[in-house]
Amino acid sequence: MFTFLKIILWLFSLALASAININDITFSNLEITPLTANKQPDQGWTATFDFSIADASSIREGDEFTLSMPHVYRIKLLNSSQTATISLADGTEAFKCYVSQQAAYLYENTTFTCTAQNDLSSYNTIDGSITFSLNFSDGGSSYEYELENAKFFKSGPMLVKLGNQMSDVVNFDPAAFTENVFHSGRSTGYGSFESYHLGMYCPNGYFLGGTEKIDYDSSNNNVDLDCSSVQVYSSNDFNDWWFPQSYNDTNADVTCFGSNLWITLDEKLYDGEMLWVNALQSLPANVNTIDHALEFQYTCLDTIANTTYATQFSTTREFIVYQGRNLGTASAKSSFISTTTTDLTSINTSAYSTGSISTVETGNRTTSEVISHVVTTSTKLSPTATTSLTIAQTSIYSTDSNITVGTDIHTTSEVISDVETISRETASTVVAAPTSTTGWTGAMNTYISQFTSSSFATINSTPIISSSAVFETSDASIVNVHTENITNTAAVPSEEPTFVNATRNSLNSFCSSKQPSSPSSYTSSPLVSSLSVSKTLLSTSFTPSVPTSNTYIKTKNTGYFEHTALTTSSVGLNSFSETAVSSQGTKIDTFLVSSLIAYPSSASGSQLSGIQQNFTSTSLMISTYEGKASIFFSAELGSIIFLLLSYLLF
């Protein structure tokens, strides 16, 4: 049993020792602004600042960083638990922050601590912003640190530091003493309220004696007066907010009971001395106002008029405890390796950065940031045919996103710049359909087509697609032709359209019984009696990082057979166009199909009287915006391609 307890204690000690301070953190950009129109140090203020952790790779759960702030009376957060959580955009709780020490009237410094709620070692850096409410300690008692701070603060512009890394110039207003009594009060953070009253004022002379009665709970809010905390002294040395910088003892008779304090002083106070009282009261939960009722009766000697006069008055002072504010935002950059395997035996390894941002609690603050991403992808596809296609692509683009998190409206605009380099070696697949004869006894030419497509164009320094083609056939009447058309377009600024035009040459061949003497008429065989079909499928697949553009094709087909993306000498012209329009996407599969389909004449037993070879010029136009462009085939040809590719791959 003793050994078991030793193990428990050892594990507990180990857990405490494993939590380390995060020292590689910097604080900057401090802004201190007033919460109210009253710009005195002991009133409410808002502090906002940035923090940055340059190397987050060693941060584990339980690690923490602390900001120590002298001259700060207390920090006040929004919720009742007095904690603030800073989360990332993916929902990960990065830090939970709390006030580990309120200086109040007890300590020299107020400390603010943030503890890591999760293992954050997967992030390279963490940057964020923190906002909370505070008030400064500028005196009001005989407590050691409050008395020191009464001498520190001055009215007017003043450089105020929070910690040892950041500071801000704050313009403090002085306090006016226009009545017979001056009041001040603030909550301590320890379930109590500290109040200060200054009175027994005798202008043009000195104080002869009198009484002062204070009810610290005139509204019956169950506020208890801490009689042991009562301080009754005199002073004529005050700072700009009428708090004593030094004080003198008195022989006052002090009676404390319940929420009441009675003070009787039968001695003279010279040279502008006045009587001040400091006391602590309990602060019940959910109590936001505290009312003090004061009664004064005292006698003064006017040395100028050489007269003695009595002053008697009563007043009520209401203290309102303001609600605290806090706001926390954070962004992180992560680095990790991901591996993906597809049915094409493709392995993609990418090292890249992701960015996130979030807004926690309440407040209204906008944070703009730029996150740079670098992506490198290397893909090697196992060859399945003899025709090679090499595609090199480099793309640079930017995207925008807005995120709003928390109870207040908080928008963070994020600009992400991505640089991606893709190098691929892809093989094509050739599928040859068997030759068959139906309803035709004459001579027949069999066409076997092989199509090689490679392409290159430039959009904003981004290589994309143009075309070339090689056609081979056993028919000596058709000449082997290699056509290559490349169009380059220089980079243009973002949000300006870029147009890339490429020309694809195609062959439409017709089997007909057209007579040479009558070029304007011909007859054709029924489409149902096809002779042969030879198809070549070239499939290239790549994954660019840019959003894609959809391409749709308008084509005019003849009634006989059609060669798509093939070239030869021809006597006629026909055309179809492809137009690219902007759309969103992250992957594009490009399929090019060439087909040769022969149909016989309707005359039984006749020979093909001639071949009409129809040259088709294909115009491809790609419209890009903000540097985003790629190709995706759709419409009728796209549907055929998709079915063919699905059949081959699956």
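Each residue, glycine too, has its Cβ placed from N, Cα and C.
Quick look at what Swiss-Prot annotates:
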SIGNAL    1-19  signal peptide
CARBOHYD  THR289  O-linked glycosylation site
CARBOHYD  THR299  O-linked glycosylation site
CARBOHYD  THR303  O-linked glycosylation site
CARBOHYD  THR307  O-linked glycosylation site
CARBOHYD  THR308  O-linked glycosylation site
CARBOHYD  THR329  O-linked glycosylation site
CARBOHYD  SER334  O-linked glycosylation site
REPEAT    339-378  repeat '1'
REGION    339-423  region '2 X 40 AA tandem repeats'
CARBOHYD  THR341  O-linked glycosylation site
SITE      ASN348  site 'Not glycosylated'
CARBOHYD  SER350  O-linked glycosylation site
CARBOHYD  ASN364  N-linked glycosylation site
REPEAT    384-423  repeat '2'
CARBOHYD  ASN485  N-linked glycosylation site
CARBOHYD  ASN501  N-linked glycosylation site
LIPID     GLY627  GPI-anchor amidated glycine
Alpha-carbon distance [THR299 (O-linked glycosylation site); THR308 (O-linked glycosylation site)] in Å: 7
Neighbourhood of THR307 (O-linked glycosylation site) by C-beta distance under 8 A, where only residues 6 or more apart in the same chain count: LEU301
Other C-beta atoms that fall within 10 angstroms of the C-beta of THR308 (O-linked glycosylation site): 11
Lowest local Cβ density among THR299, THR303, which the record lists as glycosylation sites, within 10 Å: THR303
Alpha-carbon distance [THR289 (O-linked glycosylation site); THR299 (O-linked glycosylation site)] in Å: 32
Cβ-Cβ neighbours of THR289 (O-linked glycosylation site) (radius 10 Å): 10
Secondary structure of THR303 (O-linked glycosylation site) (DSSP, helix/strand/coil): coil
Rounded inter-Cα distance in Å - THR289 (O-linked glycosylation site), THR303 (O-linked glycosylation site): 41
